[in-house]
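Over in TrEMBL, the protein carries these features:
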- 155-508: domain 'Glycosyl hydrolase family 13 catalytic' (DOMAIN)
- Asp307: active site, nucleophile (ACT_SITE)
- Glu360: active site, proton donor (ACT_SITE)
- 670-685: compositional bias 'Basic and acidic residues' (COMPBIAS)
- 694-704: compositional bias 'Basic and acidic residues' (COMPBIAS)
- 729-739: compositional bias 'Basic and acidic residues' (COMPBIAS)
Amino acid sequence: MTDRTALTDSTGGLTGWDLSGFHEGHDTECWRRLGAVEVPGGTRFSVWAPNARAVRLVGDFNFWDGHDHHLELVPGSGVWALFVEGVGTGALYKFEILGADDVWRLKTDPMGRFFEAAPHNASIVYNSQYTWQDDQWLWYRGERQAWERPMSIYEVHLGSWRRGLTYLELARELVEYVSWQGFTHVEFLPLAEHPFEGSWGYHVTGYFAPVSRFGSPDEFRYLVDQLHAAGIGVIMDWVPGHFATDPWALQRFDGTALYEHEDPRLGWHPDWGSYIFNLGRNEVRSFLMSNAYYWLEEFHIDGLRVDGVASMLYLDYSRSDGEWIPNKYGGNENLESVALLRSVNADLYRRKPGIVTIAEESTSWPGVTRSVDHGGLGFGFKWNMGWMNDSLRYYGREPIYRQYHHNEMTFASSYAYSENFVLPISHDEVVHGKGSMYERVPQDEWRKFATMRAFYAFMWAHPGKKLLFMGTEFGQKREFSEQRSLDWHETEGWGHRGVQLLVKDLNRVYRANSALWRHDHDPTGFRWIDADDHGGNTFSFLRIDPGGDDEDAQQVAAVINFSSEPRYDLRIGLPAEGRWTEILNTDAAIYDGTGQFGNLGQVIATEVPSHGFDYSATVTVPPLGGIWLRFEPEHPVDDPDEVLTEIAGSVARRGTPGQDTPEEGTPAEGTREEGTPAEGTREEGAPEEGTPEEEARNDRRGSDGDNPWSSAAATGSAPIPTAGVRPRRASEDRPEDNR
């Protein structure tokens, strides 16, 4: 567009032809045409409001008086537009809309790229000046699909990971921590603009703007860039099923139910108290398809976790008879939602190599992760809610009762390959009275931490990608609350620090051993050794990478004991004779275990058939603990019996405890290790829970002595964005409704 066109065309050059894709429902980049778009000489403002009788522009550039800034209707489009000379980045604005009901409404821009910090809500003209530094990451991401890689996701609520941090501060502290902890990805709870922190981001008012309370859009870009520089992928929760009820946002935008359905049986979400998008309207479809692509294109996000997919798929979700309307075939399937999800997935996977979409879907809808070409919804992954619910029920039982619920840990293997799954221990599982991972275990403190470590070892070895919500990686005692930081002081204490180090090593060992992830989607990658040891509360299975195409074969055996008694001389069948190295033991002293129950670093499989295998070995498994064993074909054993004799002699010399006698240094039942805080107590000198001193301790951006990652240098070389606009509040006394 030339300067002359921009200055002489009152609509900034916007035509009905430009908007044809938007109206046909297949525009995936409508943010380039609608909203506040800087053009030579000024800014073009445009908004879709087909039922409006008039639209005016108000802002700090006209003293919030729109009488001289009337938008014009682009012929045949339902879109109103106006070019304003001399207005650019940093200008605050809103639309005044005279609705079909003759009521004036002050509305924010649905396409706004930046907003005032809450509680104010004006849109801000914004033009990115950021220069990305992540070409190498994007190339790497595109080389393979996500299901072919290890994936261990750290789920984060950005506002309470540590309260008060900005995007720029998080680009140092969060990146350092996630790198140190070894996760492959972070997943942010929704970061689209939302005024109410208590919604955790799920009640969105500004779909095209990163939440401004942490900084500017370019500062968010810097955070993503720094995560990529550290080799960490970025997934963001996306909420296309419903939107917030704030009167200044999308609801009844032009005096009619424009983005939502008029009929509450279709347009109101009874569980969340929010409006449901009318996905049968082409323009709404374009709005959401564009929004999904926008985050990947403009912010280099590596994937979207789509919230509430089940509620989108079923017209009768959380509704009784008479409270919903069947589809045109008389069924309860939401055909418009199905069409949208398929279109979004197909478009994103076609245009952004290596990205991932993940469905939060809790029903048995078929083909969630099947490709669109083969009749599926086209997601890359689906949260395995069945595994999560079953395993957490088992986790929370007394060991003596677990034997009667053994199938809660084995049932998921019967459908593990029906979809591509993520195993989630998410934010939803540590709130609303469900209890933290620490609180869920109904025993003393030693057993709480031991059970947690055993559970994580089971989870990391089980088929499926991994997701852990922040705080659960160190066994935080309290439930999650968005109103406070994580209880970081706990990582300095016994038990918590051990769990944190275990998760760090789980990530390290998981990433280094392809048997644990390469065939998550393929039944050839998993085989039970013993799924039926009910009385022993013990599970054993193999993870397998068959190799091929210049990749070595690999086998890892996992043995997890959820009883309070150690398992000595437990014979497990194995597929190969020779040395199996113990690559993980959750009872290791470094994890605040006893350090007394192990296998001296290895076991030797001999030609003794067991569990349907030609070979077997005897192992020691700690109480409430687990071990991982990796076959070492490059280190063959010439005489297995000789090695076994040597190991037996070593065990005898150090003194193997009898089954009825706790080993010296092992906490007896009901006791605790010396120096370990008693349950319900706190460390000497630690602030009391819930006090201002404790919250300040959790919030502070600590010195080197607070946490081991705090002194690391910021990763990457992208320049910190300093130019541009930060969130700012308009004058408190400006008229909100000046007509």
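Here the Cβ of each residue, glycine as well, is placed from N, Cα and C on the backbone.
Please treat TrEMBL annotations as automatic predictions, because they have not gone through curation.
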Rounded inter-Cα distance in Å - the residue listed as 'active site, nucleophile', the residue listed as 'active site, proton donor': 6
Cβ-Cβ neighbours of Glu360 (active site, proton donor) (radius 10 Å): 19
Model confidence over the domain 'Glycosyl hydrolase family 13 catalytic' (155-508) (mean pLDDT, whole number): 97
Surrounding CB atoms that lie within 10 Å of the CB of Asp307 (active site, nucleophile), all protein chains: 20
Structural state of the residue listed as 'active site, nucleophile', classified by DSSP into three states: coil
